[in-house]
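Below you'll find the structure, written out as structure tokens, and then a few comments.
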Protein chains: 2
Amino acid sequence: MFQWIKKVLIGRPLKNEAIHGEKYKVLWGLPILASDSISSVGYAGEEILIALVPVIGALSFMYLTYISLAIIALLVILTFSYSQTISAYTGGGGAYIVASDNLGHVAGVTAGTSLAIDYILTVAVSISSGIAQLTSAFHSLAPYHVLICIAVLLFIMIGNLRGIKESSRMFSIPTYLFIIGSLAMIIIGIVKIRLGVAHPVEPIVQMKANGAVSIFLILKAFSNGCTALTGVEAVSNAVPNFDKPAAKHAKKTLWLLSLFVLLIFGGISILANLYHIVPVEGKTVLNQIAFNVFGNNLMFYFYTATSILILVMAANTAYSDFPLLMSIMGKDGYVPRQFSMRGDRLSFSNGIIVLSAIAAILIIVFRGDVALLLPLYAIGAFSSFTLSQFGMVMRWRRIKGKWWRLKAFINGFGTLTTAVVVLIIAFEKFKAGAWIVIIITPVLLMMFMRIKKHYVALAKQLDIKESDLKGFSIEKSCYKNLVIVPLESINQSSLRALRFAKTISDKVIAFNISIDEEQANKIKGKYSMINTDIPLIVKYSPYRKVVSPLLKFIESTEYDYEKGDMITVILPQFTVKSWWQKMMHNNTSFFIRKELLKHKHIVVATMPLQLKNDKSVLKNTRSN
Amino acid sequence: MFQWIKKVLIGRPLKNEAIHGEKYKVLWGLPILASDSISSVGYAGEEILIALVPVIGALSFMYLTYISLAIIALLVILTFSYSQTISAYTGGGGAYIVASDNLGHVAGVTAGTSLAIDYILTVAVSISSGIAQLTSAFHSLAPYHVLICIAVLLFIMIGNLRGIKESSRMFSIPTYLFIIGSLAMIIIGIVKIRLGVAHPVEPIVQMKANGAVSIFLILKAFSNGCTALTGVEAVSNAVPNFDKPAAKHAKKTLWLLSLFVLLIFGGISILANLYHIVPVEGKTVLNQIAFNVFGNNLMFYFYTATSILILVMAANTAYSDFPLLMSIMGKDGYVPRQFSMRGDRLSFSNGIIVLSAIAAILIIVFRGDVALLLPLYAIGAFSSFTLSQFGMVMRWRRIKGKWWRLKAFINGFGTLTTAVVVLIIAFEKFKAGAWIVIIITPVLLMMFMRIKKHYVALAKQLDIKESDLKGFSIEKSCYKNLVIVPLESINQSSLRALRFAKTISDKVIAFNISIDEEQANKIKGKYSMINTDIPLIVKYSPYRKVVSPLLKFIESTEYDYEKGDMITVILPQFTVKSWWQKMMHNNTSFFIRKELLKHKHIVVATMPLQLKNDKSVLKNTRSN
């Protein structure tokens, strides 16, 4: 039943060899990795204006241009930097790998932690904001906001569990539609103004200046606009998802992505400027521009629909990157190794499921409210940018090479800028929620370091040294094996256990716990009917415990156990089919096994007894 | 840590022999078994008036007297009947035993089911109503109503887990205080009226008659008043909890209980009549009577406090009976046998915990609202009364004896009356909630019958027939044992597993699953370094599965397995201390064991490897 549902939702398991068919080239790679970036581009201009308009009024449009140019400069720096990263690190992992390799493990894991947090928030924020736009268009859906968010999340999760290729097909079309729509809108918008067909609108709100231009205001507007750049790192993290030659495909994708970001972000800033659009409650800047450019027609509705879809699809970028990052960190031992195992469809299913689960919790806890989630966002992305850029600087200093000073300068400038952005975001949004990220990051970092420590200690203990094997032979180092068969009563199941015990050792005892004289005599009487030389030990348990009298017996002088011997305890277990029968049986043996396995010299052998179907047993009896 | 908390809350484990010290005589038995009964007595008069007053106004007091007399007659019949039941069935179980013995198993389990439901509802209803009175006195507590209910439930649960004796000491004082207070109030109240010190009050509501006396009205009032009788069966169910001679102590307790019920119920009806008390919103009849009799003084507040306490204590009666009933039904195989096992303090702890859990769910689901819970109540109690009485009739017919016709007549009359009450309650309260009980009872009944069937089928399969043992010898019927050691890599843990494998069999193979050529070669290379003649089989798993390739190999002709042979699979398991390390390890081996144990010819031997503390391992390495 469960298997069947799984097969329908996820698809048939894929063979290991199918991995190459699961990879993408530029055409399908671009939309999957670009949706995060490009969706945030649509809203970056708005974020800048939100900071400026209430303070400096009509002056805002001039500063919008300056700030946009600064952000585009930063974009170019980041693109150069990440392009170099892709060449240098074809294994993917982006900031995590670059920082680990050049700045040491602590910096690397910090970058990885920041990225992981950012991916989780990307999922929560982009689904919430996409659905918020949907529910504000269709008010009757508003009460089901959280429910719809979770449904969409599940849909994207299943799409990703189905595998990279299928998810890229499923989720790519809306991204391309949005890119084409945006570019068309920018061209039409500029042409219309130049031809005098369209005119700037009277700003709906009064464009009064209430304050002066200050460095803080500019920084705030700049940090708001930097949202446009989150997601640029996606490509460098996902290099292993590209078909061969992976680095070449990845770089082409990165440059295309940057080009689209530049065009759309720049274009929308220009349009906002030309049409004098300011943010108003309930209407996004993008929405107002589209309305002014296209008019109230099908084209407008179509573009609005794609702008909602791409917001939701932005979550998909995180689904491409988070599981890969976790798998790389898992191989290095900073997160449980289970993250490195590929699922039925060759996707890193554990990462996908964990990402979905945490994002779902965030959506539920924050009731899918974008305003509450947004302050947590972006700080992780820019922290990892800073570390990755700084890592590249150190790399140039180390390996030198042609133009290394220029390259180091570019990356150094990027380091500085992104570091400043981190500080601005942390400062501006501290109270609103950034503090949560600032607290969680070091906690996670310590957790990951602790896991690594555990794996190192584990490896040390499991490691076989060559000296161990000198003169070693398994055949010559067999254990002395003593077997104990705990009996509750004498039945078919205990007979089987005794037969098996005798099979694997000559030193067998049967062991019974009784809580009164009567019970003890009953079992002794029944046991004497079996023809065996296995001794039966009956112990009285005053507190009705099972395991402790057994352990006490083993440690007592009565029992002929020497250090280095192995003791095998045979526990019968009923195999039943229905869940309620499972609940009725084997609970005691579960606890016994758990307790016994705490002792290194005790092996617990579980011997299944398959029970027949109740009906068939009772039928046979009747017919006999 | 958990063990320590348990010890503090529940107390040190008690020895089996302590069971006799845990039993009670009349002095402590009466309050524990009477609190349900006596608490409902305080409110039965009110229930009768609630039915009558809105319809027939001032005439109500006359009919209150008639109906009270009828209920007292029914009480006498039930007391006679249950007294005879105690003599006949000293093992306890009340209605369940009587019905099983005389009417067959289906009737018995039906009675048991009804009783079980009633006990659960007793807990939920009495705690909710007690706390409702508390929160109506202290309004600031009202928002925490459900929370306080659950806290009180936990308190009573812990008291009962501590053992019968301790719980009887803890919970008895309030019952005695309430009995003494009630009797004092009745005497003082009657004397005051007779002496002319007190006078009937002007009824606060208009005593207008809006309808006529009808048989339906009388029946409704009668069925409402029958609440006074729920809990009378408690004594006969709890006979095994009495010290020896149990039957004698139990009978004495029953008669005393009935006497108190009669006095308090009758007395309060008389007082209601004398003082012309009618039920008003927010003030109970009992409360009004106490106010009129005592006046606004300390005595009044003291009595009100005990009347709240006894309501809560009524839950304790169910804690005495439900676990015992479940333990008896568990011995008979109708509920899981775990209910028959005594816990650390010799109480039937599983029954206590299940009772608490279900009652807690009911309180939470119904938000502790008495009005919603009450209609579910009483129907179970009276169903079991009917079955138990009818069982006694059949018993008299069967065993005859002195005066048997009279005895059968008394029980027959009781059967008829209680059956009518069941029908009235089911009819009157069907929509309000009785339908839930009417649906759940047969569902539970079928469930219990199904469990019995499973135990019967299990016993048939486990049973050893004498013919099985003829010429049988364990030594001569050993298995041929083949051992498989699945290896993920070659390490200290796998070496131990191989050594153990060689210890228990000569036919050992090492088995590895690889997902690519590289991995396969690596493990083969490492394996060749070990000096052993155990063959290594490496299988390629295209779908990254572990268990299915192993099973496929076992079933293939490549493997030398014959029917009747036993295969032992050795799975190493890491023993780690902290919870997060537990989550990281052994998940795979858990699933492998689960899958393998579905095959009856496969024994899974779990071999623990105790990992050392991470810190100590890393320290040692450093100092080396």
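Numbers here mean position along the shown chain, with the first residue as 1.
Every residue, even glycine, has its Cβ placed from backbone N, Cα and C.
Nobody curates TrEMBL annotations by hand; they come from automatic prediction.
What TrEMBL lists as transmembrane segment is A:48-78 (among others). Sequence-distant contacts of the transmembrane segment (A:48-78) (same chain, six or more residues past either end, CB-CB distance under 8 Å): 203, 205-213, 217-218, 220-222, 224-226, 228-229, 232-233, 258, 261-262, 265-266, 269, 272-273, 276-279, 285, 385, 389, 410-411, 413-414, 417-418.
Here the transmembrane segment (A:144-161) has Cβ contacts under 8 Å with residues 9-10, 123, 127-128, 130-132, 134-135, 167, 170-171, 312, 315-316, 319-320, 323, 343, 345, 347, 349, 352-353, 355-356, 359-360, 363-364, 367-368 of the same chain, all six or more residues outside its ends. The transmembrane segment feature in TrEMBL is assigned to A:144-161 (among others).
Cβ atoms under 8 Å from those of the transmembrane segment (A:173-191) belong to residues 30-32, 34-35, 38-39, 42, 197-198, 260, 263-264, 267-268, 270-271, 274-275, 289-290, 292-294, 302-303, 306-307, 309-310, 313 of the same chain, restricted to positions at least 6 beyond its ends. Summarising the annotation, TrEMBL assigns transmembrane segment to A:173-191 (among others).
The transmembrane segment annotation in TrEMBL covers A:211-232 (among others).
Here TrEMBL flags A:253-278 (among others) as transmembrane segment.
Residues annotated as transmembrane segment in TrEMBL: A:298-319 (among others).
For the transmembrane segment (A:346-366), the list of distant contacts is 14, 16, 18-19, 22, 119-121, 123-124, 127-128, 146, 149-150, 153-154, 156-157, 160-164, 315, 318-319, 322-327, 338-340, 372-373: same-chain residues at least six beyond its ends, Cβ to Cβ under 8 Å. The feature transmembrane segment is assigned by TrEMBL to A:346-366 (among others).
Residues or ranges marked as transmembrane segment by TrEMBL: A:372-396 (among others).
Look at TrEMBL and you will find A:408-427 (among others) tagged as transmembrane segment.
Sequence annotations record features per position, and here TrEMBL assigns transmembrane segment to A:433-451 (among others). Here the transmembrane segment (A:433-451) has Cβ contacts under 8 Å with residues 106, 109-110, 112-114, 116-117, 329, 333-336, 372-376, 379-380, 383, 425-426 of the same chain, all six or more residues outside its ends.
With a cut-off of 8 Å between Cβ atoms, the residues of this chain six or more beyond the transmembrane segment (A:298-319) that come close are 31-40, 42, 119-120, 122-123, 126-127, 129-131, 133-134, 137, 152-153, 156-157, 159-160, 167, 171, 174-175, 177-178, 181-182, 185, 231, 234, 286-287, 290-291, 352, 355, 359.
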